[in-house]
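> Not my notes, these are from TrEMBL:
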- 1-25: signal peptide (SIGNAL)
- 73-106: repeat 'TPR' (REPEAT)
- 107-140: repeat 'TPR' (REPEAT)
- 141-174: repeat 'TPR' (REPEAT)
- 175-208: repeat 'TPR' (REPEAT)
- 209-242: repeat 'TPR' (REPEAT)
- 243-276: repeat 'TPR' (REPEAT)
Amino acid sequence: MKRLPLSSLLSFSLLLLAPSVIKSADLPSPNTSNSLIQAQQLFYQGVEKYKKGDLQGAIADYNEAIRLDSTIPEAFFNRGNLWDELGEYQKAINDYTQTLRLDPVHTKAYHNRAMTRAKMGDDQGALKDYDQVIRLAPQNGNAYANRGISRSHLGDYKGALDDFNQAISLNPQSATVYLNRGVAWGNLSNYEKAIEDFNQAIFLNPSYAEAYYNRGFVYGELKEYPKAIEDFNQAISFNQNDAFAYYNRGLIYIKMNEPPKARNDLQQAANLFEKQGQKVDAQKALDLMRQLP
């Protein structure tokens, strides 16, 4: 999950859909020639190896299946999922693209390629793929939810709200979508609406650390400092490695004129940022701590 920089308003939840799980049902139609039969057998083997956690073994089987029969869209699709899981995003995109060449209405390939593009920071490319998913499957609430995230990243918060509204109408039990709609409201400075959505996210998922964090941030903007502290406390109780929660709680303690508590939080934030490789943010926390009386 990626956080926005410290100076930005709110963080986004990047809990995108997991790539479609490889299923035994995602298999090519039976063929009779020896090479095609062998390709199908390798396809099955790849599925089973994936289920056992042998991703590299599964990829090797798909490679050989594709060598024997390069017309099976599901082989490219499933191999793309494996590449994505291994962080080989460009290879995943290449396989999803080949899937779509073979099957231009493969909705899952559009969706998974969109998510991979978003992971690579290509939100414009992701939007185009989400558009195709929605064209092919207009009742796919997850496509609206994920397109809303990409629109948010591009600063189109009003467009994001439209997508989150549609996603909620299709799946009113998704705490993540309420959270992300709350973030969009927050970035539009509509804090009342933001708090309403964070409240609903917490109602649906009482241990949702991100919802407490974001609601705490908004309470801080509204100068409701005790409520902000309470929410940051909750966020930390559910995620003790959340450096941003410590950092922002430290900021609130500064505003409440409690320098010892602020110093403790900023030091903890700096330590966590350092461990997480966020050296710039760690230095910001230390610099602020040194300014305390």
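Placement of Cβ uses the backbone N, Cα and C atoms for every residue, glycine included.
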> Please average pLDDT over the repeat 'TPR' (175-208) for the predicted structure.
96
> Give the nonlocal contacts of the repeat 'TPR' (243-276) in its own chain as ranges (CB under 8 Å, at least six residues past its ends).
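Result: 3, 6, 11, 209, 213, 216-217, 220, 223, 225, 228-229, 232-233, 235-236, 282-283, 285-286, 288-289, 292-293.
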